[in-house]
Amino acid sequence: MVTEKPVKIMNKNHDKTTGLYKIAAKILKKVKTGSSFKTQLYQAQYPNKLLLNAVLMNVFKWENVIDVLVEKSNILEKENNMDRELVYVLITEMMWSKFGLKGTAKNILAVKKYKDEFLQLMKENDLEKLTSSTHTKVMKPRFFRVNTLLTTLEKILEKLSELKFIKLKTPKSYAQFLELIKSDKFKGRNVFVQDIHIKELLVFNSKVKFYEIEEYNNGSLIVQDKASCLAAYLLNPKSNSTVLDMCAAPGMKTSHLAAIMQNTGKLYAVDRSKERFYILQNMLEKYGVQNVETFNMDALTFPYYDDVKYILLDPSCSGSGIVDRVRNDSSGQNQNFQTRLKKLANVHAQLLNHALKSYPNLERLVYSTCSANHEENEAVVDEALSINGKFKLLDCTKMVKGWTNKGAPGYDCSEMCLNAVPSVDCTNGFFISVFVRRDLEDNDIAEEEENIEDSEDIKEERVVEDNEIVDKKVKILKKPIISNNDTNVENKSQIKKNKKRKRNEVVKEEKVFEHNEIVDKKVKKVKKSSITNTNKNLENKSQIIKNKNIEGTPLVKSKNAKRRERRLKLEKANESSGLQTTKTKKQKKVKVEET
């Protein structure tokens, strides 16, 4: 009775320890068969995700060494009932964990027997060099994307300031930015900097305890690597547009697209995996995505929507670009890997060609992977371009100013693609290409983004233009100052001219009025002469004419006198006397006609 109690207590503790190891082994097995590491870690029924992640990262780090130890010691053959992945986890904990291998379970005790043999094998085969040559440890910073669907950048910066975080100044160039996050200034846990390309992306030291930040737990801050953020950043859909995410789970990039669209328009999120689709729905709800419609189906059977203008294709891949993930087996160490790689490349090519052909109004497509294998990247893009002549590639490195890593050499698309290299860019390994329809070569977005590289030249041209405008303004301002006196004289003469014009216009109006009166008089006289000609005899007519001739002379004289008087008056007002002479001539003509 006395000995049973401590045994029960020990079993409880052992269950907790072996539970961690078993869950880690289960995740390791699924990742090797192609599952997403992040998805498996998120789904794991273990409360301390940090501890679970640390155990797995250590396994990935020492996996090459463990391969040799397992092969040389024949531990799997000697211990028939032991699972391979569990053995890898137990060996890692026993040899390289700070806390050592804990527990008294059968599997744990069986592995502990080999410790001395493993140490001897490491010395004899110089295995320390093996791990240092095959595993390059990259001190990758931790990236947090501000979820603008739930908060703002200003609020997050204010909150971080309250938590005593120190914000460093973002350098002007990408090279200086990389120097900063690799420098000693960035080693403190409480320092961070705003990303040089994506303004809502904050960069922290890898040691930051993000699980303790409240904004991380409520979805306001999302842990997302910069390379992953570049996919949605380069697709850059407009507000109120229609976007399709063909392989959406677990939902990081989908939520980023929704944030760029400001929760407007329509966002179709498709994924064929039931497990991943469940995670996708939960994540989108947590992150406040409202403009999304989710579909648990294969993207190849997704019904065609004519209004789709933007497509993000980020299919499940080998994941060989992820830092600290399972080693890259492209060298052929794993025979099954090459077969799986070909299958993945075929699926990727099928999805990409389907997207480029099936959506008639598609304007822009981003194809990205977290793989370092050319078969999944450049080879797929080259094939798609050869089949789909309606599309071309945009130069990704021009759209991400200062980025230097392009596609792998030897492919047609190499110069237009973007590669994220962990040792250079301090991100996970990533590949991105941007397709755009050829008949949209004048598309404003494409032109703006392709010409980002020339922004400095444009600024200089604008400065020159501004200087020219300023010079012109100065000249214009100088003119009135220099010629003020001249303009005053010109203004006075202009006033006199205007007065003369007005007077002449008045005179013309008077002339027209008088001319109309003369015409009326002529008409009346003609009528009178016609009446007298019809009613009187020829004798009376001759007598009347004589009388008129006799009476006409004094009338002419009196009119001439009046004319002289008028002339004197008009001369004062600078009026011409030509009207009076025309009057007399016209009157004489009328009299001649009457006679």
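Using N, Cα and C of the backbone, Cβ positions are placed for all residues, glycine too.
No curator has checked TrEMBL annotations; they are predicted automatically.
Now, the feature entries from TrEMBL:
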{"type": "ACT_SITE", "residues": "C370", "note": "active site, nucleophile"}
{"type": "BINDING", "residues": "D271, D298, D314", "note": "S-adenosyl-L-methionine binding site"}
{"type": "DOMAIN", "residues": "132-438", "note": "domain 'SAM-dependent MTase RsmB/NOP-type'"}
{"type": "REGION", "residues": "549-595", "note": "region 'Disordered'"}
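Location within the structure of each feature annotated in TrEMBL.
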residue	record	Cβ contacts under 8 Å, 6 or more apart
D271	S-adenosyl-L-methionine binding site	C247, A248, A249, F277, L280, T294, F295, N296
D298	S-adenosyl-L-methionine binding site	V270, R272
D314	S-adenosyl-L-methionine binding site	A231, D245, M246, C247, K253, V366, Y367, S368, T369
* Asked: Tell me, by DSSP, whether D298 (S-adenosyl-L-methionine binding site) is helix, strand or coil?
  -> coil
* Measure from the Cβ of C370 (active site, nucleophile) and count the other Cβ atoms within 10 Å, all protein chains considered. => 24
* Mind computing the max CA-CA distance among D271, D298, D314, which the record assigns to S-adenosyl-L-methionine binding, rounded to whole Å? => 14
